[in-house]
């Protein structure tokens, strides 16, 4: 959520920056109307309440003096009715303004490339050499099916499309990656491990920006109004909702493994085979709470931490600086890390690393004090995948495949695989 005071005094500037996102700003123009009416109603209501108090005191004086107070009593009733009407209108205006504020995306950072679509994203850097195969490489779903380590067909029978059973060495590879990533981020990168709930309430989804805009993309438990988490970012960020931290606690860095659940409502027909786009998948998420002046340095560190996973796995990748039209709703600046997938002949996203500045913290009311009695300020929040496990499995299977269909296990994972060097 944007700062309403900043928006009020910089309306045209904010509007111009949001236009770079390519968002529909039809409702945005209502801000000035609603904000002005809200402030008018507040003034009118306070004036009438003040008058009501004065009249009430006058009535008390008249009654003590045994004088007729009927006219003033009638006047107070009229004032009370006006206050009630104004309060009702104020409540409606505030609800409309709140809905509008929750629907306004974050302001892009000045360093985000201006553009409309993914074609306008900018390559920040690349790492590793794309392997040239002496044979026609297979897609990971064929490799895994032939090896008996992934079963999409039975998962489709048990649940439906976009689900999978991991079996044997496939299940162990998934588990190895989870342990490897968590060990790396906690032991070397300084994150504290968290194992979060997989269901959250509506306030949590609103705090991180999934609601109200993206409710159709979420799986909801209607009987409880809980949501299955689309990412560990949601529960982990909301750990500190409605809290005031002190500056000595910052930065806070969490690494959280979780399963993630997404309806993929807008992805019909895309990536229908394999692990790239599943309704349920595992991920290690990195979440940070930092002082505002440190957040862009922390974004670079966060991105480097996610990159380090791919470097140790020796998987070629590139880092994209996302343009204003491809930032997503909540980010002020975002990097996507894309790993090379041979069967696609291109790079595919495996991590998004974002700085939300105070956007989420304002929605979730997460603040800190620089001094014991200082005025609370909103923290800046960041998060990034460190990494998506299923897509990492896909990248390993395809990049490490051999002509006979076996898979070389990356050296860094072998201690987690019981010393095995090959999946066959």
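Each Cβ is built from the backbone N, Cα and C atoms, and glycine gets one as well.
Of the residues proposed, 103, 111, 385, the one Swiss-Prot records at the same L-serine site as 231, 232, 233, 285 is 385. Looking at 231, 263, 351, 352, 385, the binding-site residues in this record, the fewest other C-beta atoms within 10 angstroms of the C-beta turn up around 263. Residues 262, 263, 264, 349, 350, 351, 352 are the ones the record ties to ATP, and the longest Cα gap between any two of them is 19 Å. All protein chains considered, the CB of residue 349 (ATP binding site) has 15 other CB atoms within 10 Å. Within the same chain, residues at least six positions away from residue 232 (L-serine binding site) with a Cβ under 8 Å of its Cβ are 194, 196, 256, 257, 258, 260, 283, 285, 287.
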